[in-house]
Amino acid sequence: MAYGGSGSASTIKQVKLERESELRIEVGNDAPLRLRLLNGTAEIFGTELPPEIWLNFPPRLKFAVFTWYGATIEMDGATETDYTADETPMVSYVNVHAVLDGRRSRAKASSPDDSVSSQGPRVIVVGPTDSGKSTLSRMLLSWAAKQGWKPTFVDLDIGQGSITIPGCIAATPIEMPIDPVEGIPLEMPLVYFYGHATPSNNVELYKVLVKELAGMIERQFTGNAESRASGMVINTMGWIEGVGYDLLLHAIRTFKANVVLVLGQEKLCSMLKDVLKSEPKVDVVKLQRSGGVVSRNAKVRQKARSYRIREYFYGLSNDLSPHSNIANFSDLFVYRVGGGPQAPRSALPIGAEPAADPTRVVPVNINRDLLHLVLAVSFAKEPDEIISSNVAGFIYVTDIDIQSSKFLMLLEVELQLYHVYLNSRSGQHMLHKTVTQGMEHLFTLGVDYLTNMTRPTLNPVSQSEIPFSPLLTMEMDSLPNGNNTSGTPISATATANPAQPPSSNLPQLTESLKLEHQFLRVPFEYYKKTLRANHRAVEKEMSAVISGVNEAAATDLSPDDAVNHLNSLVSRLQGLKRKLEEGSRAEHLQAQKCRVRLDHLESADAENMSEWNNTRMKRILVDYMLRMSYYDTAVKLAESSNLQDLVDIDVFQEAKKVIDALQNKDVAPALAWCADNKSRLKKSKSKLEFQLRLQEFIELVRAENNLRAITYARKYLAPWGATHMKELQRVIATLAFKRDTECATYKVLFEAKQWDYLVDQFKQEFCKLYGMTLEPLLNIYLQAGLSALKTPYCYEDDCTKEDPLSQEAFRTLAMPLPYSKQHHSKLVCYITKELMDTENPPQVLPNGYVYSTKALEEMAKKNNGTIICPRTGLVCSYTELVKAYIS
Amino acid sequence: MELSSIKDAFDRVAKKQKLSSSKSQEVVDQVGCEIEQALATIQSSHDPSAPVDQKSVLTELKFKLNAIGPLQQLEGSNKELNISLTKYQKLLEKLLNPDISKAYRNVDFDTHIVNQIIANHFYHQGLFDLGDSIINEAGEPDAAALRSQFLEMHQIIGAMRERNLQPALTWVSANREKLVQIGSNLELKIHTLQFVEVLQNGTRADALKYARTYLAPFASLNKGEFPKLMGCLLYAGRLESSPYSELLSPIHWEMTTEELTRQFCTLLGQSYENPLSVAVAAGVEGLPTLLKLANVMAAKKQEWQEMKQLPVPVELGKEFQFHSIFVCPVSRDQGSEENPPMLLPCLHVLCKQSIMKLSKNSTRTFKCPYCPAEATVANCKQLYF
């Protein structure tokens, strides 16, 4: 029967097909396949292939290339399998098409007033699982579209999702042959949400939805003669026994099918013929199953459903961008269909059974049970309309914040989680959003679709001023969302603190104050240091006095000696008292400084924002200059603006002494500083003191003072041996090598730049100790600002001078920084430099140049209704302008 | 932002500090008092009438001091102070962002460029001492290139603040051609101010002479303004009581000063607003978002130091919008020369690539994603912002 072909080819390969033969292909799991028609004619499921144009088929796709008169096919890429078959049922399939085509022509020739004879064929395709029902439907639709008809495709198979995501029944007009790669375009389907992959979960609901869909299509046919003459093609599920069989009959009757195509099942065909014998004008036709239909197990089906849902959100080749939105609980109503409380048997009449009403609509309390579910957005305006209403689109719930009563919804799906949802018994959920202007348009849109297939062109002038969302994606205020092709959102960002556009300056101000940790922390650390020093002094003196008393009591002193001793203790205490008073004043001063800074932060408000920003700029500059050791300029700037209490000059003066000494190769002040801060440095595991000691040792070796070096090492380096032995050994070894050694390992230790390294180390420890950032504040803010401002437009020649990145110096700094990401259009009028928004919308000149309404109105007023384009010189009338809707 | 809770915590710290300080003084006083008492007792032992054992006095003093426990008292009050200090510090770390350098990419800014930017920042603001100071301390002699121009600008502005227009007139005269090129009418405005001054402080004849000499060349271009100025001649010396008293308003000087500053900066190729202030202000607005991003990136162990584009948008205020940026609502791509915005017949706007995709590479009509209208590629028109 089938012959030829081979699997796993990985180079370009040609296949010559004889007439009426078929090349059957299963694309590999990991890579796409490219295919084109070299010569002859060929089709894929009824859609003709364009000659010599490469088509890209995504992984896992299974399809067949059929030729009526012979063709040569070329493939590039790996296939799971591909082979040629010369025995196919295509002749009988195309004969069915010919019969249907004849019926359509007769229907079209009939008077539109005669609703019976003007009805085209109503075809339903039935058969067991994996019998090729979807493929046959597709062929019949494509062939009809190629003849110029516009048949309606009805998909009742909720497990597959040919039109939209699985879990739905849907209908859509087919006006062009179905694309072999992308399938049925999602332009204007009519979708009812069932919420499960099999009707057995809620048979009654399934029936109700089928009836609703059929009713809606009936209204469409009534109003559209062309659609009515074209008829419909209905695809069904593969469940053909028991309840499934009953549902098939229900569908046939509800849709008034007059052509029943039975694929590959003798028994089903026979049963249907018997049952439908009494129905007038219903033809039951048996068709052969194609040998190329691929059998799929439950696991494969499940995975296909996941991919289909992902495709809905991300596109077949990841070319769509799902939105993320935050919604308040109070803005949304969530309902479940089916379920609800059941009456106890004792409350029912004798013999009655308790049963949940399968079509009951029950409100759902929003809690974390909704997490990771797919919800449908209904067109219903009232809860009782939910079952009878179609849906606008779908959302996926990625997080629920009970505390702040917010939904985080991403229009994407975790593939595995969908299985859980589909297999759950919790029923289906619908999301009913409070009607907004956008929703009204969507609803109107739906009505247009349902009642008038001609889709009249809207008059742009009468169209709403506010563009509404695309049909299948709800769009609210956008949440930051990265380009995650991996499908994992940065939900942690959103969860921690959703970034909402500030409605006033207040939230922004709050956020900027949170950046001022260093501003409050540094004087506090200085304050603590003073407190600690004073406390240690008091303790030391008091201990000495107590010891003095104890000593006096323990020894025999002459009366005069005793008097002198006690007098000296009294003097010491009086001295301590004076020190305490001085220390107390110093503490008070520093507490005052801390408070001044708290007051300064508190003083920031809307009225003095400009002055406050200016002061902050100066603070940041002083910080930079102090870190760079430009002390004179820092002092001048602080004095000229009365910033002394708001900057940390005294703290850096302390550091300056140490740094100056280090630059003069003197470690004594640095060691003293380490001693002062011993406990805190130890807590943070600092090794600064060790490094200072090493350097001093090196200097002794350099001076060839080996005896002193050895003594020094025993006294000061040995205690560090437990934690830094390797480094210690390396340095001690310099005793064996002189300062002019050529051995690279040890030569480096004698280099002058070791002192620069020590300066850097000290600066870091110093900043850490005082709670300062390691980098200058200026660099941090500048980096953030330049990244936020950086766009490709900054580098154009006519970049406005007000943009900092129009200057070479700033461009150089921004070179290694990332570009900003833009989620929304922001338009600036070329004339006025003001933003164009809903109050000042963009208007387009006939030449395509866009300016703001205000600027153009003013120009027209000045020039008697004439507009002169400032960039091209074009002259036109104000009435020739059109408004652009840019979201 | 809960500054009040931070202030409360600090008040508790200050209170504990005062208590601790008082306690120290008290302890010192107590100990001093006891020692002095013992001292007095010993000294009185020299009186033959009251012999006292010196040893027992010293021993008793020792016991008394132990009973007072000065070191323990000091330690106790210090411990309480430390508790409140720790609480305050923890509160700071909780309410404020303790390390804003997390958002810092490991990119070292060129110190010379930064110093140059700062010097220009000072010159731009007229703080020439400060600019000179940082140039000297940092050793950046080349950074003073713009000093003389900004000095001239600030001299002109200073003179205008004292109602002296001569330097401004000299400058606009010297740059007349450039100013005309950018469509400026600054020269006329300055002459108008001077004319009003002459009218107010001189004679009608002087004013008329000034008008003929300096205002006449502008008459043909400003037909609306000119009759008003000529009408002023009737009120020489008493303009404040005339229908034209509005011309005496100080607002005209302020507006003209600002406009001169703008034009001066434009001819210099500089911005009117200080660019360093703008960049830092943008950083203040953007940094909170970047800090959150840094936290998320750290949690995900992603290397964000290498990315070419920020993964999240940083929303800046209107004052930072310098360019038109078009983002396609379908693909979310930014518009560019290769992918420009296109206007559909229904007046919605998509990028070219989205249109090509929707129309299957121009092979068919497509439906607008926003409304039921259909369009072909030929119907779409490119937009220029």
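Cβ coordinates are placed from backbone N, Cα and C, and glycine is handled just like the others.
Straight from TrEMBL, the features:
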{"type": "BINDING", "residues": "A:GLU22, A:LYS62, A:ASP130, A:SER131, A:GLY132, A:LYS133, A:SER134, A:THR135", "note": "ATP binding site"}
{"type": "REGION", "residues": "A:478-504", "note": "region 'Disordered'"}
{"type": "COMPBIAS", "residues": "A:480-504", "note": "compositional bias 'Polar residues'"}
{"type": "DOMAIN", "residues": "A:651-708", "note": "domain 'CTLH'"}
{"type": "DOMAIN", "residues": "A:799-872", "note": "domain 'RING-Gid-type'"}
{"type": "ZN_FING", "residues": "A:799-872", "note": "zinc finger"}
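Feature map: TrEMBL annotations on the structure.
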{"residue": "A:GLU22", "record": "ATP binding site", "Cβ contacts under 8 Å, 6 or more apart": "A:ALA64, A:VAL65, A:PHE66, A:THR67, A:THR84, A:ALA85, A:ASP86, A:THR88, A:MET90, A:GLY292"}
{"residue": "A:LYS62", "record": "ATP binding site", "Cβ contacts under 8 Å, 6 or more apart": "A:ILE25, A:GLU26, A:VAL27, A:VAL294"}
{"residue": "A:ASP130", "record": "ATP binding site", "Cβ contacts under 8 Å, 6 or more apart": "A:GLY238, A:VAL293, A:VAL294, A:SER295, A:ARG296"}
{"residue": "A:SER131", "record": "ATP binding site", "Cβ contacts under 8 Å, 6 or more apart": "A:GLY238, A:LEU263, A:GLY264, A:GLN265, A:ARG289, A:VAL293"}
{"residue": "A:GLY132", "record": "ATP binding site", "Cβ contacts under 8 Å, 6 or more apart": "A:LEU263, A:GLY264, A:ARG289, A:SER290, A:VAL293"}
{"residue": "A:LYS133", "record": "ATP binding site", "Cβ contacts under 8 Å, 6 or more apart": "A:VAL125, A:VAL126, A:GLY127, A:ASP157, A:ASN235, A:THR236, A:GLY238, A:LEU263"}
{"residue": "A:SER134", "record": "ATP binding site", "Cβ contacts under 8 Å, 6 or more apart": "A:ASP157, A:GLN160, A:SER162, A:ASN235"}
{"residue": "A:THR135", "record": "ATP binding site", "Cβ contacts under 8 Å, 6 or more apart": "A:PHE45, A:SER290, A:VAL293"}
By DSSP assignment, list the helix, strand and coil residue numbers for the domain 'CTLH' (A:651-708), in that order.
46 helix, 0 strand, 12 coil
Summarise the model's confidence over the domain 'RING-Gid-type' (A:799-872) as a mean pLDDT value.
89
Record lists A:GLU22, A:LYS62, A:ASP130, A:SER131, A:GLY132, A:LYS133, A:SER134, A:THR135 as binding ATP; longest Cα-Cα distance in Å?
18
What counts of helix, strand and coil residues does DSSP assign across the zinc finger (A:799-872)?
20 helix, 18 strand, 36 coil
Give the three-state DSSP assignment (helix, strand or coil) for A:THR135 (ATP binding site).
helix
